[in-house]
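Swiss-Prot has this to say about the protein:
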- K41: active site, proton acceptor (ACT_SITE)
- Y268: active site, proton acceptor (ACT_SITE)
- R139, M316: substrate binding site (BINDING)
- K41: N6-(pyridoxal phosphate)lysine (MOD_RES)
Amino acid sequence: MYNNKTMGSNKTIIINLNNLEHNLNLIKNKIGEKEIVATLKGDAYGHGLINIFKFLKSKNINYFGLSNIEDAKTLKKIDKNIKILMYIKVDKKEIKNLIKFELVPFVSDFEYLFLIEKECALQKNKIKVHLKIDIGMNRYGIKIDDALEIATYIQNSKFLELEGICSHLPSIENFKTTQKQIEQFLFFLETLKQKNIHPKFVHISNSGHIINYKLNPQFNMVRPGLILYGYCQSLKNKKPALNFKPVLSLFSKVIFIKNVKKGEKISYSGIFQAKEDMKIGIIPIGYFDGIPQNISNDFYFLINNKKCKIRGKVCMNLTIVEIPKDLKVKTGSKVEIVSEKLSIDEMSKFSKRSHYELLCNIGKYEKRKYLD
């Protein structure tokens, strides 16, 4: 529970582990027996890699998805038995650590495979890999027309085990496009079966797919990211069916109060001019802290459950809000910036920035308080 004693500085990030467990249970109930890969890239979306990892591990999650090999090494040093999927290629000089720490890379080209095989030979070891197929994202992944050749090569390699086949759905909000891409992927799976290639795991489901679609029984692994942290992308004109709870909250406090006379301008460039005498509060948080500057002048924070509109430009480390006439505020009063009452959905819609970007920017650099 947040209160003024919880906050030891001008800004406090609270991570609610009860809400994380709630979201995890919703996912488990939706997917049944499928294996979960908890996506922890981007410092667990700004929630803190190590603490989120430890909590999810305590809830019997065994697979984790990362993009940074330094993060992978950190987690492997905590628990060498966990399984980590590396979503993107590691640097050439880190391939030895890929093998040493028994990480599971997503592979999509022969050059990368040859480097991995060479290192496996040196270490006299074998590595599991997941073949990443591109079905429309045009990002990391081999084009589906070229995928059979590389799958066959992996199948026949004495240093590689084709543990998984995977892809990524880029346009979850577009049902027809997504269904077509899934059909392409399923057709490729049938081709593999005809060649007697049977990977243990087949996975294509990100957060949006898990929540909005019926999952094909062949997909026995899922990769939730954003929904773990309390947010989900829905199909157009469709409300989310599940009640996810935000895990991250951001609080600050009022550090200065002053009166502004009618006609006076506020903050840089004077983009706000007072239409009447008003009282303003100074909040020690700004765009350095992940608050997008384009919410200047009209978005709001909450003080004592009342909307306090931002006035003037959001500054690097300060934001100015108007204090309503009927609201009693004093120096030290709590300010809610992201919370269960004011979810990041609102800031995302207003700023036209994604939940991903906002969460990562808000959580960057900061110490967090973990509540359970």
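Quick reminder: no glycine exception, Cβ is built from N, Cα and C everywhere.
Swiss-Prot feature annotations superimposed on the structure.
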| residue | record | Cβ contacts under 8 Å, 6 or more apart |
| --- | --- | --- |
| K41 | active site, proton acceptor | G65, L66, S67, N68, D71, Y87, G225 |
| R139 | substrate binding site | H168, P170 |
| Y268 | active site, proton acceptor | G312, K313, C315 |
| M316 | substrate binding site | G286, Y287, F288 |
